[in-house]
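**Student:** Okay, here's the structure, questions in a sec.
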Amino acid sequence: MQNKYPLLSQIDSPEDLRLLGKEDLSALANELRTYLLDSVSQTSGHLASGLGVVELTVALHYVYQTPFDQLIWDVGHQAYPHKILTGRRDQMHTIRQKNGIHPFPWREESPYDVLSVGHSSTSISAGLGIAVAAQKENAGRKTVCVIGDGAITAGMAFEAMNHAGALHTDMLVILNDNEMSISENVGALNNHLARIFSGSLYTSMRDGSKKVLDKVPTIKNFMKKSEEHMKGVIFSPDSTLFEELGFNYIGPIDGHNIEELVKTLTNMRELKGPQFLHVRTKKGKGYEPAENDPISYHGVPRFDPASGKLPQSKIVPTYSDIFGNWLCEMAENDEKIIGITPAMREGSGMVEFSKRFPTQYFDVAIAEQHAVTFAAGLAIAGYKPVVAIYSTFLQRAYDQLIHDIAIQNLPVIFAIDRAGVVGADGQTHQGAFDLSFMRCIPNMTIMCPADENEMHQMLYTAYKMQTPTAIRYPRGNARGIALQPMAELAVGKARIIHQGKKVAILNFGALLSEAQEVAISHNYTLVDMRFVKPLDKTLISELADSHSLLVTLEENAIQGGAGSAVNEYLQQIGKIKPLVLIGLPDMFIPQSTQQESYADFGLDAKGIDQKIKLALS
């Protein structure tokens, strides 16, 4: 390693980094970028975001005394270079793997990971809390939050900045802007002006003038507005927004000019009050395929970096593909069907729909709360909104789900992707709770397809209904079953897959094939329940009468899930039967492959069989 990475091989912590001369930092950044590409191409993971913040990461750890100074990364996709520089370089081959290092900053993993993350737009709120605590204790530590131009569009980020501006707390927010959406004013002049506005002379004059003008409020307000206007003209019109929130805006500066980054950050480290640094970067920087197609190279499987070709592994369509195709099929005949996504177009299978039906497609950015209530408004106006959202992100709009959809009994369809175990992204991304938090909401109909054909029929059934509906389906490839013509399902009715004896397995969702292997092997009854709400109560009652053991199977937390619903009903009708609930345990599910998680928690055929045998013994 020393031959290929002579500088990086010496860096076991930021303390080692800070021993380097400034003249070595560019060479280190080049080595870090190459190492990141070599590492991720062998393991899979998030690539383009990390490539874009290499210089910024080096500069931050060079200027700030981490971990004494607190560095917080929003979301965490871009934190791979941070992990490499903070003692985890030689563990990068384990990232996103079972018992390996976490794909996002994780507090239990390193003192350099101040905040555990995975969802977006949380950094400034947490950073403000950390900064306030440091100020109360006179700790002298600095707080820095790095947030992307996607994450900063979320309401939570602006709520935090509004509060920070009011408190006038010492903290730095860095906007990592890797799009052209905010500003294009990047260049030598802007870098020079950023150094002036962050420098000690300008800052001293600014702060001294404020103290004098505090006694003359009218003139002080005029000067403040003049400064905001000047920055808006020189830097970016967007600077006015952040200045109005109470931040001192600097930028935009070139996020790949490490010399300018170090100079500007060194100046800003000494500034008081809320500071905002706008840094322009290029996602995928330094690797041409990722620069040209940052979306495809955002998260990558293992690939050959020399060719830059990503493997085409999909023979069977994914459940997301099935959803996207259904949406296009429906939109061909109904201009009132509307597709909504909170910044997950590619992941939710909506690319084709967005291109073919642009007037019926809305990407509301990272704004799950808004997405749900926006759908409510469309439904009130007579449209048929379909909200495509990951299970883990629907959690962020729970009040809107209840207050704006369910109470008004509006016909909004929720296509809940990544329900159940998602694999390598770990605790923050598992779809473990949606059945539990939706099942208690009145007016909701909840469906769990066992395969893509059933999913197809359920989506159509939801389309025909005039009440809120949710269809939850897993990450990954479907089963390869041919789709039948669309037809409505009988709401709340299950279907018996195999009629057996003694044991009845009530399956909710896509684990049906695992359950079927066990049922056929032992001649157990197997039921595809289809609906979590309403349950097929008649069938459950009959099965309780005719079988000595009932088993529920679901890819959701056992607490409050589908099995709990069956148990509650049996208690209600006084049929106290032996009942085995198989699902996800009371813990946050760590990273691994989906198959490893199924085996670990007894959700594969072997585990199901063992749990039933234990109950029968």
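Any Cβ shown, glycine's included, is placed from N, Cα and C.
Pulled from Swiss-Prot, these are the listed features:
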BINDING   His77, Gly118, His119, Ser120, Gly150, Ala151, Asn178, Tyr287, Glu368  thiamine diphosphate binding site
BINDING   Asp149, Asn178  Mg(2+) binding site
**Student:** Starting from each candidate's C-beta and looking 10 angstroms out, tell me which of the binding-site residues Asp149, Glu368 has the most other C-beta atoms.
**Tutor:** Glu368
**Student:** Could you tell me which of these binding-site residues, His77, His119, has the greatest number of Cβ atoms within 10 Å of its own Cβ?
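**Tutor:** It comes out as His77.
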**Student:** Cβ atoms within 10 Å, counted per site: which of Gly150, Asn178 has the most, among these binding-site residues?
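**Tutor:** When each Cβ's neighbours within 10 Å are tallied, Asn178 leads.
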**Student:** Using a 10 Å cut-off between Cα atoms, which of these binding-site residues sit near Asp149 (Mg(2+) binding site): His77, His119, Asn178, Glu368?
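**Tutor:** Near Asp149 (Mg(2+) binding site) by Cα: Asn178.
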**Student:** Name the secondary structure element type, per DSSP in three states, that contains Glu368 (thiamine diphosphate binding site).
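**Tutor:** For Glu368 (thiamine diphosphate binding site) - judged by DSSP and reduced to three states - the answer is helix.
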**Student:** Hey, what's the widest CA-to-CA gap across His77, Gly118, His119, Ser120, Gly150, Ala151, Asn178, Tyr287, Glu368, the thiamine diphosphate contacts in the record, in Å?
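**Tutor:** Pairwise Cα check on His77, Gly118, His119, Ser120, Gly150, Ala151, Asn178, Tyr287, Glu368 gives a maximum of 32 Å.
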**Student:** Per DSSP, to which secondary structure element type does Asp149 (Mg(2+) binding site) belong, with helix, strand and coil as the options?
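**Tutor:** Asp149 (Mg(2+) binding site) sits in coil per DSSP, no helix or strand.
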